[in-house]
Amino acid sequence: MQTNLLSQQFKAGSLAEDSTTCAANATICDGTSCVLPEDTFNQTLSVVLSTVLTIMLALVMFSMGCNVQLKNFLSHVKRPWGIFVGFLCQFGIMPLTAFLLSLAFNILPIQAVVVMIMGCCPGGTASNVIAYWVDGDMDLSISMTTCSTLLAMGMMPLCLLIYTKMWTDSAAIVLPYDSIGLSLVALVIPVSFGIFVNHKWPSKAKIILKVGSIVGAVLIVLIAVVGGILYRGSWIISPKLWIIGTIFPAAGYTLGFLLARLAGLPWYRCRTVSLETGMQNTQLCSTIVQLSFSPEQLELMFTFPLIYSIFQLLFALLILGGYRLYRRYHVKTNTDVEKPAQKEDSKSNGKINGGFISDEMK
């Protein structure tokens with residue numbers, strides 16, 4: 001203690017002799033005490049970003065709802081085979097993949113936990129926008145996102161309990177049920193309005209859908225870019241997490257597509273399930289991480305959700321580009337025509353969605 005006291009006196013004496021040791025932007029500097037203004041850049045940017053993105057996302061989901069027909073949406077709920085396959089992908093494949101990747105790369109326990117949190121999160125709303133652009137089943141896409149968000153209330157604690165007990169006590173992980181609930185509300189309400197508009201004014205719904213799909217694509221890129229600025233001081237993390245952040249979404253897309261195909265779903269629904277599986281709710285993962293760990297622990301893995309977000313977007317764009325090229329040169333479809341009355345899983349449904357016609361539908 002005497003040594004610490006002498007050290008403090010020495011520092012005070014040095015400051016008294018040379019007041020220039022204070023930073024130029026110090027708010028208080030009397031030669032012995034300097035107080036720097038708090039850097040609120042990240043905090044301010046986070047609030048602005050959250051507000052703007054929430055409003056824009058609600059508008060985008062409203063436009064996506066304009067492509068949903070209520071009877072088709074309800075048919076997925078009444079005969080939830082597609083939703084069940086998506087459930088297996090979301091809370092079966094993704095947590096297991098996260099667990100195996102954590103073991104394979106032998107990362108730190110705290111890093112393994114954040115990878116597991118990402119694997120246990122529900123699907124993100126960005127998948128709905130990409131599903132539209134790859135001519136997926138929008139009714140299935142939105143019903144899967146809604147159900148996975150709702151089921152996350154129970155499945156996230158269960159999956160974390162099963163997979164993280166070798167690294168930490170699952171009770172130490174704080175699940176923000178209010179954030180999950182808000183995500184559900186922010187999804188259901190705008191989509192419901194969109195479905196209503198599509199029912200009452202189908203011609204206007206088409207215009208809203210096209211505008212919203214473009215805005216949604218821009219919004220997805222904007223989130224990734226601004227996220228990089230927001231966390232500009234947190235990019236120095238383990239190379240292993242960079243590798244896992246690259247492999248994980250690619251594995252999700254691939255395994256989701258394969259399981260959907262094995263389950264006998266038509267091609268356009270396979271694409272939908274694939275996107276719903278690989279595209280996770282990274283904002284929710286970031287919230288859980290911030291609530292559950294100390295600042296010292298966050299330095300080891302805080303940027304992983306953003307890394308995953310970047311690569312899930314990159315692979316989604318590659319899927320979109322590959323599909324568009326294939327459709328341009330091999331498939332003649334017209335997705336701009338009005339959807340006529342049709343039976344579920346009919347051949348016309350595959351054509352209107354711009355998808356391939358599966359063997360069982362020929």
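Glycine is treated like the rest: Cβ placed from N, Cα and C.
If you check TrEMBL, you get these features:
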type     : residues : note
COMPBIAS : 337-348  : compositional bias 'Basic and acidic residues'
REGION   : 337-362  : region 'Disordered'
TRANSMEM : 47-70    : transmembrane segment
TRANSMEM : 82-105   : transmembrane segment
TRANSMEM : 112-134  : transmembrane segment
TRANSMEM : 140-163  : transmembrane segment
TRANSMEM : 175-195  : transmembrane segment
TRANSMEM : 207-229  : transmembrane segment
TRANSMEM : 241-263  : transmembrane segment
TRANSMEM : 300-323  : transmembrane segment
By a Cβ-Cβ criterion of under 8 Å, what residues six or more beyond either terminus of the transmembrane segment (300-323) are in contact with it?
108, 110-111, 114-115, 118, 126-127, 130, 133-135, 220-221, 223-224, 227-228, 231, 234-235, 237-238, 241-242, 244-246, 248-250, 252-253, 271, 274-275, 278-280, 282-283, 285-286, 289-290
Residues of the same chain, at least six outside the transmembrane segment (241-263), with any C-beta under 8 angstroms of its C-beta?
81, 85-86, 88-89, 93-94, 97-98, 101-102, 105, 107, 111, 115, 118-119, 269-280, 301, 303-304, 307-308, 310-312, 315-316, 319
Same chain only, please: residues at least 6 beyond the ends of the transmembrane segment (175-195) with a C-beta under 8 Å from a C-beta of the stretch. Say none if there are none.
54, 57-59, 61-70, 73, 122, 125, 142, 145-146, 149-150, 152-153, 156-157, 205, 208, 281, 284, 287-288, 291
